[in-house]
Amino acid sequence: MAKGEGAESGSAAGLLPTGILQAGERPAKVKKEPKKKQQLSICNKLCYAVGGAPYQVTGCALGFFLQIYLLDVAQKDEGVVFCLFPFQVDPFPASIILFVGRAWDAFTDPLVGFCISKSSWTRLGRLMPWIIFSTPLAIIAYFLIWFVPDFPQVQPLWYLLFYCLFETLVTCFHVPYSALTMFISTEQSERDSATAYRMTVEVLGTVLGTAIQGQIVGQADTPCLQDPNGSAVASDSANRTQSTTSLRDTQNAYLLAAGVIASIYVICAVILTLGVREQREPYETQQAEPISFFRGLRLVMSHGPYIKLIAGFLFTSLAFMLVEGNFALFCTYTLGFRNEFQNLLLAIMLSATFTIPVWQWFLTRFGKKTAVYVGISSAVPFLILVALMESNLIVTYVVAVAAGISVAAAFLLPWSMLPDVIDDFHLKQPHSHGTEPIFFSFYVFFTKFASGVSLGISTLSLDFAGYQTRGCSQPARVRFTLKMLVTMAPIVLILLGLLLFKLYPIDEEKRRQNKKALQALRDEASSSGCSDTDSTELASIL
């Protein structure tokens, strides 16, 4: 009883003016202990990082292999007596599938961001339910992308439907996962460290996606048609049977790879769900409800550092997506390494994986803007070398390993810099909470839209150049077009992106200032929360 009375007296004393109290009743000043830094364990960071693998594993498989799958594999062998593989996806409908699928994917990002911003906090958090419930539907849609339907006349519609459906569902996973960065810790250093873990795992995810898809599919012998001006196309019954069997084996290999990747998707989602807990900002809990989506969107899109950041990465992302989308065809037809392109992809991604920690150290030591200039621009000399050199396998492997260094920077830096922009926004708009999904969803929107544009333009360019579906070789114009798409176009886009980064205002000094200001805001919010509690106790006494 005495203990309760003492506690109530202390509360009242902390709120009533000291002049009202007797001298003996005045409270002693309590020295505030410094707030402990919020540390994340290695286990927490690893569980968070593993959640980035599903998006990268599936995205890598689709980015590198969907185009060549639609052009050379997605065919039905009915009617082989009359014509060799009559039902196929030609370059023009393939370009429509790729562009519309990516454009739809880009559109769903702000839509999902809007829905998340309207979501309430649950026992699992505000973001986790989206991740949990989208996973089983996403893996079904992903598997059906790589399935050749029995009604070949509507194949383009089939692939467009399930491609768009999967991209919608994976967006319901990836947007809340990306926004989760802001809710695992309030410390900049901890978020940067967790982001480095995440980027390492995501690059490993691309390695895994490349290895699984490339090695499984590479074991199957995809049949090709000889140039009619050269060797005659096989027309006898035996050759048709052999080619049909080979095509079926290749299609089964794509289905097997899809099944393995879908299993990895589920495992990673389970680890993320069990190993990560969302945390709310102290000052956010005091606000009754978040601002409306459209008001938040206006505020976000008027935030200068955000616009400059996404503009710079829009061009650099487009550059790397052009390389990604055309790399398999470039290796197959321009360099002549039909059976080596999956190994070259592995060399790039393994190199990127091992250099992620190096870039994390570099941006900590020299700053993020410097890391952008050095990391992204390091790809330019190697792209020039690829454009100028003759087909040489050893030199190509050397260039692939060196290019992986720049790919690592392109993976790490955007996601490391975006939380700094959000911190800067919170300082300028301290009463605008719940905008994190808008920041992340629209950043992903612009990068995905750029990806759709790159794939659509690439496939249309190949169509105009005279691409021969499932040809063992391609005309000189097609080979030249592939070289331009993989080398010169990315170089121009990288240089434009780096020029835009000159306008980005958040340097290391600005980051330190924002960190101190945010900590002061959190301390003030915590003190205000304590005062509210004391006011409640005082009211009960009176």
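Just so it is clear, glycine is given a Cβ too, placed from its N, Cα and C backbone atoms.
Residues annotated as transmembrane segment in TrEMBL: 127-148, 160-184, 253-276, 305-323, 343-363, 370-388, 394-418, 438-460, 480-504.
Counting Cβ pairs closer than 8 Å and at least 6 residues apart in sequence, the transmembrane segment (370-388) and the transmembrane segment (253-276) reach fewer than three and form no contact.
At the 8 Å Cβ threshold, with sequence separation of at least 6, the transmembrane segment (394-418) lacks contact with the transmembrane segment (480-504), having fewer than 3 such pairs.
In this chain, the transmembrane segment (253-276) touches the transmembrane segment (127-148); three or more CB pairs sit within less than 8 A of each other, excluding pairs fewer than 6 residues apart. Between the transmembrane segment (480-504) and the transmembrane segment (305-323) there are at least 3 Cβ pairs closer than 8 Å, counting only pairs 6 or more residues apart in sequence, which means the two stretches are in contact.
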